[in-house]
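In what follows, a single structure is set out as structure tokens and then discussed.
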Amino acid sequence: MTVTPSSIEQVIPGQGSMAQPSVKPSSKAKRKRFRFVANGKAATGLIVLGIYLLFAIIGPWVAPYDADLITPDKLQAPSGAHWFGTDHLGKDIFSQILVGTRGVVLVGAIAGIVATILSVLIGVTSGYLGGAADESLSAVSNVFLVIPALPLIIIVTSTISNAGDIVVALVIGCTSWAYGARVLRAQTLSLRRRDYVEASRATGEKTWRIVLFEILPNLTAIIASSFVGTVIFAVMSEITLAFIGISSVSTWNWGTILFWAQGQQALAQGAWWWFVPAGLAIAFLGTALSLINFGIDEFVSPRLRTAGAGARRAPNGDKVTMRVGFTPVIRGRVDTTPEIEIKHPPASNGRAATAGGADLVATEGHSTGTDGAKR
Amino acid sequence: MKFLLQRFAFYLFTLWAAITLNFFIPRVMPGDPVSSLISKNQGRLTSDAIHSLEVLFGLDKKQSLWDQYIGYWQQLFKGDLGMSFTFFPTPVSEVISQSLPWTVGLVGITTILSFLIGTALGVGAGWKRGSWIDSLLPATTFLSSVPYFWLGLVAIALLAGPGSWFPSSGGFTPGLVPAWDHYFIGSAINHSLLPAATILISSMSGWMLGMRNMMVTVASEDYITVAHAKGLSDKRVAFSYAARNALLPNVSGFALSLGFIVGGTLLVEIVFSYPGVGYQLFQGVQAYDYPLMQGIFLVITISVLVANLLADVAYLLLDPRTRKSG
């Protein structure tokens, strides 16, 4: 997770962070806090997640039918009256999905919160304290990491008779904190020897204060991404549990719909509308959460961005691919022009590669032989 | 060697923890589902079978917890996991040993394949950012957000069915006797194609993304610049310098996430009624067959630990630094 400064800054002083002494620090710092929303992936993910949250709240009220209402329209294909068709008892599948959203979101959120609290407690404690406490805590989290989580969750919930949403969420939360704890521990280890932490220790701040006010704020991104990761896992596990019929079948969630679809041979009857919408609902929720996670990752480590990494146009119309660790070199004209002229082009020369001075500098000779940037 | 011994000790510790967990779960949880199962099957169970269930689930309340624990271990060492209720007169250990080869074959091979293919694509995506492989990422994210079992359902709906070449359920054509002849093996491969494709498609993207991000990080290291400056070909720098170093964290990530993956792939077996451990776990859950469920959990844990150990050996072979310090 350590971010080494971009090599652009080392190669071209005045182009990287050194080149912006005039920025007013106060306004910049304020805006930075929400900047990751400006990332396309994160924004898309947040919007989709917002739609799901909305339906988790209003779903049961806006559902066109009672999800448990048995009607004579059995196994109807999607139509104007039943957007997603009906099941073997004539229940409306669209209503079932709307009603089921609440359970899915609730379990995901509770499990994510429980697991995140556990992982912060265990990961930060073991990373900050070190020594025997660290050894034993990281041994525990490694054990939880290696033991296959889903079979364990299946066994625990099947022992509890008629497990409801909350119980399922707690079981998932208590078994899936280990990955987050591991990542947090590693980052805390690297943070606790930084100068500013040493300084606050030297001024006699209490340990809890250092952890809460010096270390934790710097872990926000990692905590957020491990929360999102746990929510993805929790939603999947919950739906799986409902699908194999362990958690209570009386409340609706998308797994319950799939459970009935599988149990009533929806496939053999060609009732694709029975299981396709529920699966897509899961997939879009999972994709939205993953996108948020990518957004966080790219926010922390800008190198991972895909956007804008493709080909760009040099001022003279040449295509140049920007890549980290490479200095763009304009090839193909070298044979006709002596090298010295490229380094110091006449001002009238349209190929003056430094024109604009933005991000393209043709420094032939600096990295001769790197053909990474040629076109 | 020291590294391997350390890992081995850790896995033994994990095994102990898993078994102890398995010992405590039925004892801590409220209710007593197993005694009701025993009383339901009163005339059918032999006294030996009842005894082994008592030891496994702590039904004998007069014994101290410690004595129960000792007895539990003794029974495990005998390989006695109790009697399965679903497959009635068959002991759990026998049920599992029939289904384990199917799961190891399907899940093992597809997991390794998906790791290899995903890593290879990740090398490409990370080395040439913004290329067509990079644009695959959103699509693969979507596919990996779909539960494995649902993708299986869709695959059956689209590809299998009457008249299709792909069978929709089972591990081999009914009527064939399992043997090492070409009829049986051909049929087994035919039946495993769809489940394998399902697992491959949905598990690949995780490796791809991890490897891509590692490649991006490694590509800005000084030794990559040096390798380029030496005039080595782009291919050679990508594979022998960047990919080789980026691979290491991916391999250890592979070991760590095996537990997650195996859990997901077991569900594919349910959808395809594949005669492996996952399908039997499903049947055990349906019938409240606690001895079978607990036995399967133990066996899955042991398999994952063994796989982890193998991944560690691979890591050792790939990273010379661990060899030197040992």
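Each Cβ is built from the backbone N, Cα and C atoms, and glycine gets one as well.
According to TrEMBL, the protein has these features:
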- A:42-63: transmembrane segment (TRANSMEM)
- A:104-130: transmembrane segment (TRANSMEM)
- A:105-293: domain 'ABC transmembrane type-1' (DOMAIN)
- A:142-160: transmembrane segment (TRANSMEM)
- A:166-184: transmembrane segment (TRANSMEM)
- A:210-235: transmembrane segment (TRANSMEM)
- A:241-260: transmembrane segment (TRANSMEM)
- A:272-296: transmembrane segment (TRANSMEM)
- A:344-375: region 'Disordered' (REGION)
- A:365-375: compositional bias 'Polar residues' (COMPBIAS)
Task: Long-range environment of the transmembrane segment (A:241-260) - Cβ separation under 8 angstroms, sequence gap at least 6 - done: 67, 87-88, 93, 96-97, 99-100, 103-104, 107, 153-154, 157-158, 162-165, 168, 266, 274-275, 278-279, 281-282
Task: Selection from A:42-63, A:142-160, A:166-184, the stretch that has most Cβ pairs under 8 A to the transmembrane segment (A:272-296) - done: A:42-63
TODO: Go through the chain and flag residues at least 6 beyond the ends of the transmembrane segment (A:142-160) whose CB is under 8 A from any CB in it; none is fine as an answer.
DONE: 167-168, 171-172, 175-179, 182, 233, 237, 240-241, 244, 246-247
